[in-house]
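Taking it in order: structure first as structure tokens, then the write-up.
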Amino acid sequence: MADSVLRIGGREFGSRLIMGTGGAPNLSVLEEALIASGTELTTVAMRRVDAETGTGVLDLLNRLGIAALPNTAGCRGAAEAVLTAQLAREALGTDMVKLEVIADERTLLPDAVELVKAAEQLVDDGFTVLPYTNDDPVLARRLEDIGCAAVMPLGSPIGTGLGISNPHNIEMIVAAAGVPVVLDAGIGTASDAALAMELGCDAVLLATAVTRASDPPTMAAAMASAVTAGHLARQAGRIPKRFWAQASSPAL
């Protein structure tokens, strides 16, 4: 049986599905979806949360016993991302951070230069850094060499639901990585999540695929099952693809 435990930066999680909180119509629906997903780690965009009041999303995660993963979503440069991460560490008491440094609001693609700069500073400052990155094997290797605890390549741009645009690059990142690979962004439905795991990813992070679905709790349950199925399939080993048919029963 495949190992169901996700290990990142010395921490262990019983689910390989990491959830995001953006896009939910209200906290009640978000709560139902989080419970249905079985997630043990969920991102929180710190620029959009009032941490001091202890209300809203952070209070919900605390009540459900789900670890909060602060996120530097919306940051446009290394300095802004580093400051946001430092404030999150003060507010939440965790050194784990999902590092996002975006290039522009239209594509929400990572700014590779600023991302590397921010990652270097945060690793030096003792953070456990999980960077949201392009599906670029060279950049992923660079982030690992810096000391990031995982790499989180996108499947396709945030919120597009286009699935995994370049599965070959994801496979190359997985093959070269010595740290966990988390497919982050672009998931549209359960088959996308299963494919990410079949390609060898250690986990999947998604938000709007669930929070903006017609029935978020049901989609969350589907995603959880898909991640488990994809992980099991990867561990089991698929049969090779063949050009010609091959009978499954021997000739008598």
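Using N, Cα and C of the backbone, Cβ positions are placed for all residues, glycine too.
These numbers come from a predicted model, not from an experiment.
Record check, Swiss-Prot: 1-deoxy-D-xylulose 5-phosphate site residues include Ala185, Gly186, Ala207, Thr208, and the candidate from Gly159, Gly178, Gly230 also listed there is Gly159.
Between Thr208 (1-deoxy-D-xylulose 5-phosphate binding site) and Lys98 (active site, schiff-base intermediate with DXP), the C-alpha separation comes to 17 Å. DSSP classifies Thr208 (1-deoxy-D-xylulose 5-phosphate binding site) as helix under the three-state reduction.
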